[in-house]
Amino acid sequence: MKIAILSRNKRLYSTRRLVEAGEAAGHEMHVIDTLRCYMSMVAHKPEIHYKGEVLEGFDAVIPRIGASITQYGTAVVRQFEMMGVFPVNESVAISRSRDKLRSLQLLSRKGVGLPITGFAHSPDDIPDLINMVRGAPLVIKMLEGTQGIGVVLAETRKAAESVIEAFMGLNVSVMVQEYIKEAGGADIRCFVVGGKVIAAMKRQAAPGEFRSNLHRGGSASLIRITPEERATAVRAARIMGLNVAGVDILRSHHGPVVMEVNSSPGLEGIETATNKDVAGLLIKFIEKDARPYRTQTKGSKG
């Protein structure tokens, strides 16, 4: 098979591992810089050009799109879809999962366990917003933040009011969530591929830190997840429409709660912690499921 990996840096661990795994399985792997792709939209002949050449003959595309280029990146994935190339994750699913608020709204509607979450626009509603999530301590998150950036733990009500008001004053959209103290600064990253959890790790926050992101000094270790946690991760990925997802779960007194569903989960932490060939399993999923893509848009035949 001829497989494209959309990545801005071919030296990144995840990109290198996918190339290695694909080539080991006998596939032709191409790392393509997302931002160097440009598109031609002509009746019945959508094209992607890359560094002066037309991209042709690809069977599948693996999107590794950073949050800062979501709009352009999903447009490129969508163009591959229009060309009939199988996307590991569809463009609409990537867009859906990147919108934190939309993700939680969809998961909430389907009954997936979540931390109590509030969202408001007016500073006048801050007091009730805090009450909504059972008061302080609480977590304040920028909707555009990634890797733990833009996440604040407010220990007191007064601190929460000040931080939320400051964000609102800067026209920064934030959501407020209950603080799951019993999680002890740890979360579980479940790596879902093709409707199955193929690997899971526990991420523990560094001392004095409540964010467990590995980019913020957290540590990772192998963990045995419960059947309920496994089912929750699979369901969350399915609701987002993602074939490949990193589902972040906290253990709370009222069962597993989903914090985030990541459409471009990194491989280094999970492979190191679990000693599993996650990249190889992702390639096997492509071998099994890749087929000419047909758009799902109503009224469209192709």
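The backbone N, Cα and C atoms fix where each Cβ goes, glycine too.
Per Swiss-Prot, these features apply:
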- Lys141, Glu178, Tyr179, Asp187, Arg211, Ser212, Asn213: ATP binding site (BINDING)
- Asp248, Glu260: Mg(2+) 1 binding site (BINDING)
- Asp248, Glu260: Mn(2+) 1 binding site (BINDING)
- Glu260, Asn262: Mg(2+) 2 binding site (BINDING)
- Glu260, Asn262: Mn(2+) 2 binding site (BINDING)
- 104-287: domain 'ATP-grasp' (DOMAIN)
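Cα spacing between Asn262 (Mg(2+) 2 binding site) and Lys141 (ATP binding site): 16 Å, rounded to the nearest whole number.
Applying an 8 A CB threshold to same-chain residues 6+ apart, the list for Glu260 (Mg(2+) 1 binding site) reads Lys100, Ser103, Val247, Asp248. On the 0 to 100 pLDDT scale, the model's mean across the domain 'ATP-grasp' (104-287) is 93. Cβ-based neighbour count (10 Å, all protein chains) for Asp187 (ATP binding site) stands at 24. Fewest Cβ neighbours within 10 Å among the binding-site residues Tyr179, Asn262: this applies to Tyr179. Remark: Lys141 (ATP binding site) has Lys100, Gly150, Val151, Val152, Val174, Met175, Val176, Gln177 as non-local neighbours, by Cβ distance under 8 Å and separation of at least 6 in sequence.
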